[in-house]
Amino acid sequence: MSLDTATIRRIASLARIRLDDSEVQQAQAEINGILGWIEQLQEVDTDGVEPMAGGSPVAQAKARLRPDVVTDGGQADAILANAPDRQGEYFGVPKVVE
Amino acid sequence: MHPTDFTLRGALDALSEGTISSVELTQAHLDGIAKLNPRLNAYITVTAEKALAQAKASDERRAAGQVGALEGIPLAIKDLFCTAGTRTTAGSRILDSFVPPYESTISQKLLDDGAVFLGKANLDEFAMGSSNTTSASGPVENPWSRANDPDTRLVPGGSSGGSAAAVAARMALGATATDTGGSIRQPAAFCGIAGIKPTYGRCSRFGVVAFASSLDQAGPVARTVEDCAILLKSMAGFDPKDSTSADLPVPDFAKACERGVKGLRIGVPKEYRLDGMAPEIVALWEQGLQWLRDAGAETVEISLPHAKYALPTYYIVAPAEASSNLARYDGVRFGTRVTEPGSDLRDLYERTRAAGFGPEVRRRIMIGTYVLSAGYYDAYYLKAQKVRALIRRDFEQAYADVDAIVTPATPSAAFGMDEKQDDPVAMYLNDIFTVTANLAGLPGLAVPAGLDAQGLPLGLQVIGRAFDEETVFAVGRTLERAADFSALPRLRAGA
């Protein structure tokens, strides 16, 4: 399967990555090349196989819930220290609601 | 002996005997960095003043009888580990000015054990790459070069290329690194040093910039197997801040190095004998197996029938997880923001991410977005998770019969900086021998084992059972001792 330029634009939009018209064709060629190579997975018989989601079944088997209590907080200055547009105790963004 | 020529173990002994101080050891490494880093570009940030202050404090602790496991040892920290108060870029423009207010668990553990941080090591952007050419801070050069072609600059491998180059060029005694598909083992092999990706869950991921969370695992690179074992002991351990961290005791890895291999059964996967594989890689692999037999191990052919699907599986799972993890870089809370006059919020996101991410990162985010999108999730992502389960099952079946598996670390020696840059899939094939261990969550160690015809290092890989790094170290040390790898890169401190 090969992705058309409209699909490439849609993916870029979903990923919130601005793609200029001049970049669409190159992205299309590269992504189709990679997807074509990945296509070989379809030949593997995976009927009845449980998908493996995490990185370690051993660790997952011992997964635990921590107590549902507040362990952190009161660090507004540390959290805002890297803000590109700090406004008081808030992150500034362009106006969203008219 | 020049202070930068110590192994980590040797430096610990010299510090303990009082023949050198941490300040002297640290200064010698900083001098090496000042001389070589302008060319090799292994460090993005050098923290000379902090390093010397840490070294002075270490010498004072030692004088007072407080001696940590890494007391006074100068290390490089991959610039993917958050370091409180020291800029952490992940090799990306989008984190160009990011100064973490907190410390990663691993770097904190190293500091707690007395280590000195020389600076932050270069890497492929967000650890995505096999050549360290995608860093926003520019490419890293391998300190090795071809004997018959010394002017061609070679890649150090990636993504932990800065860590590996720094250690090989004697600009650090060891370094932290991370490995999602081979990013510790491939650069270690390309730079003629050792590096271990431990079992998934062995080291905390807290404070390590995330790429693909079910595959990412941190580990050390160093010039000997024992040095890696010493570093891993300090880095590993349960951390409640990482929900996938394993609550298991941390063994004495350095002690395990000297266990030997007598009576061990070593698996040799027949699927790893690739068509067209370089004859010197085949010969080195055979030689390694012979060394193990000479040391009392038995070698057994095994089958990993789904190994050939590992890379395409990886290139669904890893981009999918990356597209999710990297959604946080939106130009709002931290990092770079790019806007135009009149930009609305969506335009802010799209311009920030287009300008902040390099081409390889953008490509992987887009692939990940596609394979997770409505209508394609089952065909790609769910399918890949099922094949991943089969790859893991192959290993489980193999480990019913063998104690460890030995393979080449990479399909070639280090290549030129301008090679393989036009075809993403050709670049991805670098990880063909390493990526299975990430998918199955298993420990993998790269050991320098020989040189190719051009005098470039080649490595072997030891893959172990989950949480059995001890056997991996024992096999790796046996290979290291037999190989007696003593060649040196042309560019190195103290040379």
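Any Cβ shown, glycine's included, is placed from N, Cα and C.
Under the heading domain 'Amidase', TrEMBL lists B:24-472.
Following the DSSP three-state reduction, the secondary structure of B:LYS78 (active site, charge relay system) is strand. Feature annotation from TrEMBL assigns active site, charge relay system to B:LYS78 (among others).
Residues annotated as active site, charge relay system in TrEMBL: B:SER159 (among others). For B:SER159 (active site, charge relay system), the count of additional Cβ atoms within 10 Å of its Cβ stands at 35 [all protein chains shown].
Look at B:SER183 (active site, acyl-ester intermediate): DSSP puts it in coil. The Cβ of B:SER183 (active site, acyl-ester intermediate) has B:ASP124, B:ALA127, B:SER130, B:GLY158, B:SER159, B:SER160, B:ALA177 as same-chain neighbours under 8 Å, each 6 or more residues away in sequence. What TrEMBL records for B:SER183 is active site, acyl-ester intermediate.
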